[in-house]
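Step one of this worksheet: look at the structure below.
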Amino acid sequence: MAALVLSLLLLSLAGHSSASWCVCKTGLSDTVLQATLDYACGNGADCNPTKPKQSCFNPDNVRSHCNYAVNSFFQKKGQSPGSCNFDGTATPTNSDPSYTGCAFPTSASGSSGSTTVTPGTTNPKGSPTTTTLPGSGTNSPYSGNPTNGVFGGNSTGGTTGTGINPDYTTDSSAFALKNSSKLFICLLLIASSGFCSFLML
């Protein structure tokens, strides 16, 4: 029985640990985050959920919209190396950034409303498209003209950190709960392995 429980715990941990997301780095100005947001939304990210009256619009601040956009871009690129860089403004994470009412996708199929843009044509924003991954060469969030939040960013420099902490500046109760459940599972594994060795005596 203990072996069955241990096997199920290991399987659930293995399945959970494979997920990866992309979020904007903390400590960056709203202007930098807006440029990153605009780049991601203009190059294939599904930013529709960050539009008004959509599931990820609130909290309405640049950081939370940037997080959703870079993650969508990262998933659309198949979590490929370099697709979560954005010239150093984003970073991959294994901690799910989803929050109440806003689920961040973990795969390209998890993003809805995608559009295919043919390289060399114009995208819905009207600027030339590129096939270069963000953070490499001269194609970065800082080349081109930002659209001041057309795809959901708040370019007014509003307060970040509102709502239930989607900007990740401090640990929220959801992260604390997630981390405490990992600790509980680790303790359970240690206790069960000690229990199993005691039974073998």
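Positions of Cβ are set from backbone N, Cα and C atoms, glycine also.
Annotation comment: Swiss-Prot describes 1-19 as signal peptide.
The disulfide bond feature in Swiss-Prot is assigned to CYS22-CYS84. Taking the Cβ of CYS22 (disulfide bond) as centre and 10 Å as the limit, one finds 26 other Cβ atoms among all the protein chains shown.
Feature annotation from Swiss-Prot assigns compositional bias 'Low complexity' to 107-141.
Annotation comment: Swiss-Prot describes 150-161 as compositional bias 'Gly residues'.
According to Swiss-Prot, the N-linked glycosylation site annotation covers ASN154 (among others), on the basis of sequence analysis.
Residues or ranges marked as GPI-anchor amidated serine in Swiss-Prot (evidence: sequence analysis): SER172.
Here Swiss-Prot flags ASN179 (among others) as N-linked glycosylation site, drawing on sequence analysis.
Cβ neighbours within 10 Å of CYS84 (disulfide bond), excluding its own Cβ and spanning all shown chains: 26.
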